Amino acid sequence: MKKNSQIRAKIIELREKIEKWNHHYYQLQNPLVDDLVYDKTLRELEKLERENFFLFSLEELNQSPSQKVGSKITSKFEKVAHSSPMLSLNKAYSNEELEKWAKKAREILKTVTFFVEPKIDGIALSLFYQNGNLIKALTRGDGVFGENVLVNALKINDEFIPKKINYLEDLEVRGEIYIDNSTFASLQLETKKFKNPRNAASGILRRYKNHKPKIDAKSIKFLEEESDFRYLKSFFYTLVNPEKHKINSQFDSINFLRNLGFQVNPFQKKCSDLKDVFNFISIIKQKRDFLNYNIDGVVVKVNEFSIYEKLGSTSKFPHSAIAFKFEDDIAKTKLLAIFATIGRTGKVTYNAKIEPVTLAGSKISSAILPNYSYIENLKLNLNTEVYIKKAGEIIPQIIGSVHNYPKTNFSIVKNCPKCNSELVNSESGLDQFCQNQFCPEIILQKIVHFCSKNALNIESLAQKRIEKFLEKGLISSACDIFYLKDKLELIYERLSNKNQLLTKQNASQSMQIKSIMKLLNEVERAKNIDFYRLIFGLGIRNVGLKAAKILSRYASNLSELRNLDFNLLKNQHDFGPVIIESLIDYFNNQKNSEQLNCLETVGFNFKTTFLTNQSNSWASFAISGKLSKPRDEYVRIIEESGASFHESVTKKTDFLLLGQSAGSKIEKAKKAGIKIINEVQFFDLIKNSKKT
């Protein structure tokens, strides 16, 4: 009896935990744990409930989060019933589990085939059309009722949410709304409010007009802009009631949706058998880090709709589809220590030392923890077991504790670990900063960034050598690098071995001096760079490569940049108030002004060919499909020719550059009368543009 009461208490504890996680995930767009930790906990609950169902009444079992989808709707949007339940998907973590799922379908239809595509980590949305017009847009909600976010869906680009379609029958389609990774990075959302692209997409899509979320002032400014909706993209994958439209398979339904102008994932396949399914899953797994959107597994569907009714469903998921999850990206290890480091902007990052463990083919001994709130939320405890995950990052991230603890046993760091200055919290309260402009670590990291590959690309100035130069008093700022040539004797003296004093006569024989001469040559070459590289190298908070390139269109040198009215960039080129404020703060700072004064004396010969005014662009390009070179290379060629590049096909697009496996952009271009060109025609256009 005592054992039964303990098991019942454990089940109740797991239910409460999952209910809390569901509320934060579905309603607050603020997931408390990683998906893999959530899935493991849910599976533990399901197993305990199966083995101990007799401990609960039928009503209690039906109320368990293991039997429900989503969470209770708490927003101010209209609550609308779904035409058919918007179910979740059951999960498989191995080939054996996938085979077990497919067995029932093969028993019903021996020639069954399957349809496989990536599982997009976004926000589920159901669209309704009457007489070709979009009339309703429902979120998943609790699976039975959803929120009607039509007012916001209408603001999304037509390419991703068609407002009118060439089809007059009543139609319902379901898909996923997301923000791609490069857009998310350029928006500098980071940990200001949204932890990842999914949270950002949900926050924008579910924004209520008269409701301001409780976030920092900068994020509120960002969220209040109507233009935010242009960042949302989509993939559609479900045609509801396909028999009404005489569609017999998932493969045919995808083609049907594509022909109507809906975005469908081009990375998909109809598979003849499970062997084909397993092979395609392996391909997706290998390529997922190169996709520009997050996926949290693969969806495998029975292709033939004719057996869906016989396959049936539970209250939570259909038996006609399953989500295959990549579990080998998670590992269990011991958290040994946590320590703080300071970046070039003064931001504090918490780092974890862990017991070495093999993850995704490499041995891992450290992991990253974004901020102290992250440590608090996960209730991480030193010298206890934790889960770590690797998802494209070089350093993996701790995503949860193996065991439950009431709170963390690690105290927040209050002083800078390098200069001991008191740390200051950001407006959001999530991040901490060292605001001492003379902090040696901030100075070091600024110079490291200045010399990095995407900035001035001075390979001979790696972090260890910069540390040595700072220690010996040879430099104190990034600009000092350009005057090292005037300090050769001092360099010889301060970097020489005390037991073997170097002189000018024997300097040429020294490998160390040869290395220094190589460094000086690299520094000279760094004077002949694209202007955007120097802008990026300045290390202005929130200004990445994309923003730096755009700024170089409005200013051709430092003097012009310093006198630029940054408010002119508002609502242009994805420049929101956060970036504008960062630019103004940077150029109003006295220490930064001294650095810029120094850099203006260096004698740069900028190679940039970007237009100073985007409106003077001679042509506008979009790209679809796989080309012979990386896409970034074509974007560079387009911009340097004086043309403009856009991710989407719009009425203002002049040319669509077409590669292999092109997506739905080709149909959009044809309908809009946009000229479609291949690579040979593209380079001819670029060549001819230089003659005019």
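Glycine residues also receive a Cβ, built from the backbone N, Cα and C atoms like all the rest.
Taken from Swiss-Prot, the feature active site, N6-AMP-lysine intermediate covers Lys119. DSSP assigns Lys119 (active site, N6-AMP-lysine intermediate) to a strand segment in the three-state reduction. In this view, Lys119 (active site, N6-AMP-lysine intermediate) is surrounded by 22 other Cβ atoms within 10 Å of its Cβ, with every protein chain counted.
The feature NAD(+) binding site is assigned by Swiss-Prot to Asp35, Leu36, Val37, Tyr38, Asp39, Ser88, Leu89, Glu117, Arg140, Glu176, Lys301, Lys325, with sequence analysis given as support. Look at Lys301 (NAD(+) binding site): DSSP puts it in a strand.
For Cys416, Cys419, Cys434, Cys439, the entry in Swiss-Prot reads Zn(2+) binding site. The secondary structure of Cys439 (Zn(2+) binding site), as reduced to three states from DSSP, is coil rather than helix or strand.
The feature domain 'BRCT' is assigned by Swiss-Prot to 611-692, with sequence analysis given as support.
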Between the Cα atoms of Arg140 (NAD(+) binding site) and Lys119 (active site, N6-AMP-lysine intermediate), what distance do you get, rounded to the nearest Å?
16
Taking DSSP helix as H, G and I and strand as E and B, the domain 'BRCT' (611-692) has 32 helix, 16 strand, 34 coil
Intrachain C-beta neighbours of Asp39 (NAD(+) binding site), sequence separation six or more, cut-off 8 angstroms
Lys91, Lys325
Binding-site residues considered: Val37, Leu89, Cys416, Cys419, Cys434; fewest surrounding Cβ atoms within 10 Å belongs to Cys419
In all the protein chains shown, the tally of other Cβ atoms within 10 Å of the Cβ of Lys301 (NAD(+) binding site) is 24
I want to verify one value. Collapsing DSSP to three states, which class is Cys434 (Zn(2+) binding site)?
coil
What is the interatomic distance between the Cα atoms of Lys301 (NAD(+) binding site) and Lys119 (active site, N6-AMP-lysine intermediate), given in whole Å?
12
Neighbourhood of the Zn(2+) site (Cys416, Cys419, Cys434, Cys439): other residues with Cβ within 8 Å of the Cβ centroid, in order?
Ile342, Gly346, Pro417, Lys418, Asn420, Ser421, Gln435, Asn436, Pro440, Glu441, Ile442
